[in-house]
Amino acid sequence: MADATNTNAGAHADDATGPVLAADGSPLKSSLNKALRAQKLRALALIAPLLIFVMVTFIAPIVDMLFRSVENQIVSETLPRTVAELGDWDATSETLPDDDVYAALYYDLFIAAEYKNHTRLGSRLNYEQTGMSSMFRRVGRNVGDFGELYLDQFEDLDERWDEEADWAALMAHPGYLEDAAEWRDNRDADRIDPRDTPAPRFRLAPGIADLLPQTAQAYSQYAEFMRTEEQETADEDQPWTLVDTMLYNDLMAASEADIAAYSGPMADALQAAHAAVPEFETATLKELFIESDDEWANLDNWATIKVYAPNYTSGYFLTAVDMKLGPDGMVSQPEDQQIYGLLFKRTLFMSMAITISCILLGYPVAWLLANLPMRSANLLMILVLLPFWTSLLVRTSAWKVMLQQQGVINDVLVWLGVVGDGDRLIMINNQFGTIVAMTHILLPFMILPLYSVMQTIPPTYLRAAKSLGATPFTAFWRVYFPQSVPGIGAGSILVFILAIGYYITPEIVGGTSGTFISNRIAYHISSSLNWGLAAALGTILLGAVLILYWAYDRIVGIDNVKLGG
Amino acid sequence: MATVITLKKQPYSFVGPVSAAAGGFAGLFVGTAQGSGLLGIILGATLMAGLAYGLMTLDLPRKTVRLGIAAVFAAVGFLLSGPMGLIIGALFGAFFGWFPAWLADGKYRASLPPYLTAREVLWHYTFRIICGLIFFFLIAPIVVVMPLSFNAENFFTFTPEMLRLDPDGYSLKHYQDFFQSNDWQAALRNSLTIAPVATLLSVSFGTLAAIGLSQPHVPFRQVIMAILISPMIVPLIISAAGMYFFYSRIGLQGTYLGVVLAHAALGIPFVIITVTATLVGFDRSLTRAAANMGANPVTTFFRVQMPLILPGVISGGLFAFITSFDEVVVVLFVGSASQKTLPWQMFIGLREQISPTILAVATILVCLSIALLTTLELLRRRSERLRGMSPG
């Protein structure tokens, strides 16, 4: 706005008498613009530190939460080959995936089990399909033994297949072996800390990757695992049985001529093995998997893996609205598992009940405060502000004390003989307790905006209405009440926004039937560890609050937020 | 209002039944407590009707009669249930000595416009009573906590000894527990090391930004304001969840610094709001005058602007302090056991091992909030006075 006026003024001056000059001889227009720009920059420079601070400490976490609610890299990171192979499999086809998928799964799971990632993946998928956690855990224990079959048969051919040094000679670059030996000496002599100076990076022997591609890949991964997880070099331990299985695959695929052409270390052992492998006893991986846990023959489990293979998923959001991502799109959860809809409805219902009780209790008080003489109003205001300023936990504990079965209210009622000692009222750990305690806690947030609106309504209006013949009720209802509606609106939205996201009070006085969606979020963060679902529930709640906040801004204006009267 | 309202004496046909109704109502409570509600109603009503009749026919000095009735009620109360009865009896007596006279002399209409009908007068007092009950609802939980914190037993309710005002029923042991228990002391220490630092952060950044925001030309003012206010709008559980996820990514989860940063972020909106509100009334010609007389911007800020907006800054700081000091949801997630604050300890206490030490802490915190409230009120007055001095 200011920009526009300045430019116009400048243009005008141009027309009349040529450029108006500032004291330093530059045109007034540009010098005004310069001054304005400097002013803006100064303002921004003052705001910038705080803006950056809030961005980093607050906005970034919120964005992170939004991101987490759709993030789903764990499946494709843990089972990259399986996910790729599963691409061709049709989840609705009623047939199990083919052997290639199981082979890829073997490779992926072997590595995941070594890194102990498979349990994490299991618990992730278990949120979607119960039973998958134990399926991954069980197979994780067995998957290391699947290759024993080949290891034993290679070993029977030649003892060297059981020696780490011979394996290393076959697979590793001679330069790597030298570096490794030197690093090992240093480590054993305590000259270096393996955590600060990791073992040298593994290098494959020249040509081996072409001759035995799968073996080379598996061995490289083994070497990397030794380097990062065990702080050892590749030639310090026998390679995984995965490597033996891959060697079997490679030898089956390799041509006789290629093997014969190889002349490096272990050439004779390779040739002997190549001649022997067609006679090897074999086992299909599919059978091994199903033998270790027959859940691996369950189509639903495979469908779940396929559905949750992409890096981003709407699955958490669907769970949050009691739906489920199936192989053929979204489906509703079974009736008895629809808990979130109920929880959202309960949160809305209870927030509404709290808001309405706040209006009913707050309106008379605000009216009284606005119509009393200043001195007594200020005095009574203390009674409103004291609870407002008192620690939330103090008020919550006070309600716990009051509402308990052996608490103050029940004691008074028993003393008065209203209820018998045997049937004391149950007022806590249910919805009633939550509503009462939260009405008390949020009541000041209703009274203060109502009071500030009512103060602006001239009392003469009521008197005028009465003198024109209105009954007191008509005068109130037709004249006073409509003018106080903005206050009710402001207070209600404020109370509702605060109530909908409350955590502490429902947690303490709510029991199981009086809890809110926020308690569920907290449960998923700290107990069930389903962070994605917590983030999705939080995002939905945040969306609801932002819409309400937008409405509040429309009705009241955020600049009019007042604190403590 | 210069009109003199003459108060009309009321006839017994009005005073008697109303007093009797009040007496019956009080008698109901005393009666049920002593065994028979019906008998209580009848006795109370007759007693009050008689009392009202006596007061109206015998023209005795009102003050003496009131004291006398209070003394008699107190004595009866003492005989019935000890020292507590004495107090309750005295209160009842004082009320019932005053009530019929107040009705009979027509004083209840003294503060009301003379044209009100009887029904309107009745509604006026009913409304007052309703408001009184709501105020009672607001304040009772806080007041109840205080005497309970002196309980000699480990109960959350009044023991018979306490009701008898027996000194043995009261003790300071829960306070002792608070001051001697390592858990509570560590929690207090944590609260006292986290809150001030968080407050300092939010006040220093916040004041600077509020000054920037109140400049006449600020680009994107609305957006910036929305971002800065957002920690107050977003429900705490969502802030806590987001901070927990993000801070564990960057290694701040479970550290002192993480908790301080989180609390500072939560306190910022309060500082922004209070300080910008103070700056609205700030007279800019003062800074121009200072600059005119040769002060550089820094001097102007500290010698001219700061003293004037100081009340706003301090009350913003108090808000930020109480936000951090009171906060439990975020610290529960962002903090670890070694950042356990006072509210956190109370939260654990309420959820798991219930001990009245919580009530002692609660009482101390209520006293603290009374002190804060008083400070804020004084600051507000000072701010108004200062603004009154500045021209415009």
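Glycine is no exception: its Cβ is also placed from the backbone N, Cα and C atoms.
Under the heading domain 'ABC transmembrane type-1', TrEMBL lists A:344-552.
Annotation source TrEMBL lists transmembrane segment at A:43-63 (among others).
According to TrEMBL, the feature transmembrane segment maps to A:348-370 (among others). Same-chain neighbours of the transmembrane segment (A:348-370): 377, 380-381, 384, 431, 434-435, 438-439, 442-443, 445-447, 450-451, 454-455, 457, 484, 487-488, 491-492, 495-496, 499-500, 514, 516, counting only residues six or more beyond its ends whose CB sits under 8 Å from a CB of the stretch.
The annotation transmembrane segment is assigned in TrEMBL to A:376-394 (among others). Among residues of the same chain six or more beyond the transmembrane segment (A:376-394), those with a C-beta under 8 A of the stretch's C-beta atoms are 365, 368-370, 440-441, 443-445, 447-448, 504-505, 564-565.
Remote same-chain residues near the transmembrane segment (A:432-454) are listed as 350, 353-355, 357-359, 361-363, 365-367, 369-371, 384-385, 387-388, 392, 395-396, 399, 403, 483-484, 486-488, 490-492, 494-495, 498-499, 502, 505-506, 509-511, 514-516, 556, 562, 564-565 (criterion: CB distance under 8 Å, separation of at least six residues from the stretch ends). TrEMBL lists A:432-454 (among others) with the feature transmembrane segment.
Residues or ranges marked as transmembrane segment in TrEMBL: A:487-505 (among others).
The transmembrane segment annotation in TrEMBL covers A:531-552 (among others). Listed by sequence, the residues of this chain that lie at least six past the ends of the transmembrane segment (A:531-552) yet keep a Cβ under 8 A from its Cβ atoms are 62, 65-66, 68-72, 127, 315-317, 319-321, 340, 344, 490, 493-494, 496-497, 500-501, 517-518, 520-522, 524-525, 558.
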